[in-house]
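J.: Below you will find the structure I want to go over with you.
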Amino acid sequence: MERPGPSEVTGSDASGPDPQLAVTMGFTGFGKKARTFDLEAMFEQTRRTAVERSRKTLEAREKEEEMNREKELRRQNEDIEPTSSGAHVVRDCSKSSSRDTSSSESEESSGSSDDELIGPPLPLKMMEEPSNHIEEDILGPLPPPLYEEVEEDDDDDGDSEEEENPVQKIPDSHEITLKHGTKTVSALGLDPSGARLVTGGYDYDVKFWDFAGMDASFKAFRSLQPCECHQIKSLQYSNTGDMILVVSGSSQAKVIDRDGFEVMECIKGDQYIVDMANTKGHTAMLHTGSWHPKIKGEFMTCSNDATVRTWEVENPRKQRSVFKPRTMQGKKVIPTTCTYSRDGNLIAAACQNGSIQIWDRNMTVHPKFHYKQAHDPGTDTSCVAFSYDGNVLASRGGDDTLKLWDIRQFNKPLFSASGLPTMFPMTDCCFSPDDKLIVTGTSVQRGCGSGKLVFFERRTFQRVYEIDITDASVVRCLWHPKLNQIMVGTGNGLAKVYYDPNKSQRGAKLCVVKTQRKAKQAETLTQDYIITPHALPMFREPRQRSTRKQLEKDRLDPLKSHKPEPPVAGPGRGGRVGTHGGTLSSYIVKNIALDKTDDSNPREAILRHAKAAEDNPYWVSPAYSKTQPKTMFAQVESDDEEAKNEPEWKKRKI
């Protein structure tokens, strides 16, 4: 059978597609000739259409502008013209303004009246008071710049009021309390979207809180101990929100994902190497850590081994770079806190000798800025934070001070505030989202007052506002820029969230509106009985009312009571040897190992079996039966037999 040609398949004949072929293929469109397109013609047609449409649009716009000009001129003429007399003025103006149009000239020459003028009707006041209250210099309606000036003045007044009162932006009208535990909440972290909060404390626990999934009971949906028996010192979400950096009292930082599963753990260095730059990781307790704000997967940690190290999540076996803080004399000094700048190009660290050192991220040898007496020596500076514009650095010292620095002129502090007691090595300070306020917390002894959240204005560094948090120290504070909510960690195991329904977004507002689930409903559900056919009394198995009787029955059952098997009496049965002890080892010990036959003469012991071996050879003799000669043993005679066998001549001689 011949295969049809291309013309037959495409149906190029004049009669059209074959109906039988269409039925065979299952659809009617099979066999039609393919449609061809000329792209150049299509582009040309599109270009012409666009040119024509643009031309029409320009013509319509020109006509509209001409009509608007004519209407404006007529409206001006109506305002100037008196109501009773002076009609010739309007005519002269109309003639002079419309010389180019023949229609307007014919209307003026024919002496058309004022009723034919085009435009809105005159106001009643203008009809009654013709020209007494109208200035001839002003044509048309009053210009709007007066309103614009008024609006601008109002805006300036509003801006000045806001600048004068940045306290009004603090969201503190409402609060919720999250119960973390009984010990200090030493770490807070909030993801970039503001959906989840993570808290860590001195009780080694890390708890996850989901604002969208919580109800009014405010319970954490997950709790874990990622670092076993080490206190949690710092928690921070990455800039993408998919990983959390966990810094504890150990020498190895960990990275976990959003659900708490471990992603990586930093390697521990060799503590017997003197130069810490030659080790692959930290060798002493960590203090804090921070994610890079721009580069995904890069973070930084500082430790008691007098180093600041940067890491990459993809390479947990070795750090990326090592920064070694030094005193002015070149001695080691321990960094107590560290952070990245907002653009990620600078690394700042505060040390135990009171100095603040700032490095370029790519230059690990010498610091770019070094101020040796930023805070009192011997006090642990608990926090350094960059402003959102990246020009100002705030430092929270262990000497109960808060200082503000300009990194462009890093020779003295811009402002300094004292009287801010702190007793924790991780007391925070942070900037408000608009960079106009600086927030920090204060510590108190137990039973000696309440911890406060203190707000300072950045421009003047005045203490503008305070919030009494609780009767314990305020350790951590976090002001989220998207939510406009303030998270606070306290010394008595609480995490508080402050918000304003009008100024804040999402976050705590999502869980407050949800009603708490009632526990009674769950109890009633557990008490109800589900009746099934096999639960009826006729199908129910007999139930023992007393467990003592059941125990007695189980005692009589050898399988349930695991009764040991008794010793076998007699020769044995069932593969068991019926001897002393009932086992093969006891049989061997009884019959073989304890045989103490005295074999002091080995020759006699061997010859004892000679007759049996000669009568019934089994091992060696059959192999040599044809080749081995017959064994003959020499006869040994005694002295009496020798005397009897002596010849006669010897006896006579004797």
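Here the Cβ of each residue, glycine as well, is placed from N, Cα and C on the backbone.
Dumping what TrEMBL says about this protein:
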- 45-78: compositional bias 'Basic and acidic residues' (COMPBIAS)
- 89-98: compositional bias 'Basic and acidic residues' (COMPBIAS)
- 105-117: compositional bias 'Acidic residues' (COMPBIAS)
- 126-136: compositional bias 'Basic and acidic residues' (COMPBIAS)
- 148-165: compositional bias 'Acidic residues' (COMPBIAS)
- 540-565: compositional bias 'Basic and acidic residues' (COMPBIAS)
- 644-654: compositional bias 'Basic and acidic residues' (COMPBIAS)
- 1-27: region 'Disordered' (REGION)
- 45-174: region 'Disordered' (REGION)
- 540-579: region 'Disordered' (REGION)
- 631-654: region 'Disordered' (REGION)
- 178-210: repeat 'WD' (REPEAT)
- 279-321: repeat 'WD' (REPEAT)
- 384-408: repeat 'WD' (REPEAT)
J.: Please give the sequence-distant neighbours of the repeat 'WD' (384-408): residues at least 6 beyond its ends with Cβ less than 8 Å from one of its Cβ atoms.
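T.: 337-343, 346, 348-350, 354, 356, 358, 369, 371, 374-376, 414-422, 425, 427-431, 433, 435, 438, 440, 456, 458, 461, 481.
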J.: Which residue counts does DSSP give the repeat 'WD' (178-210) for helix, strand and coil?
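T.: Summed by class, the stretch gives 0 helix, 19 strand, 14 coil.
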J.: Tally the residues of the repeat 'WD' (279-321) by DSSP class, grouping H, G and I as helix, E and B as strand, and everything else as coil.
T.: 0 helix, 19 strand, 24 coil
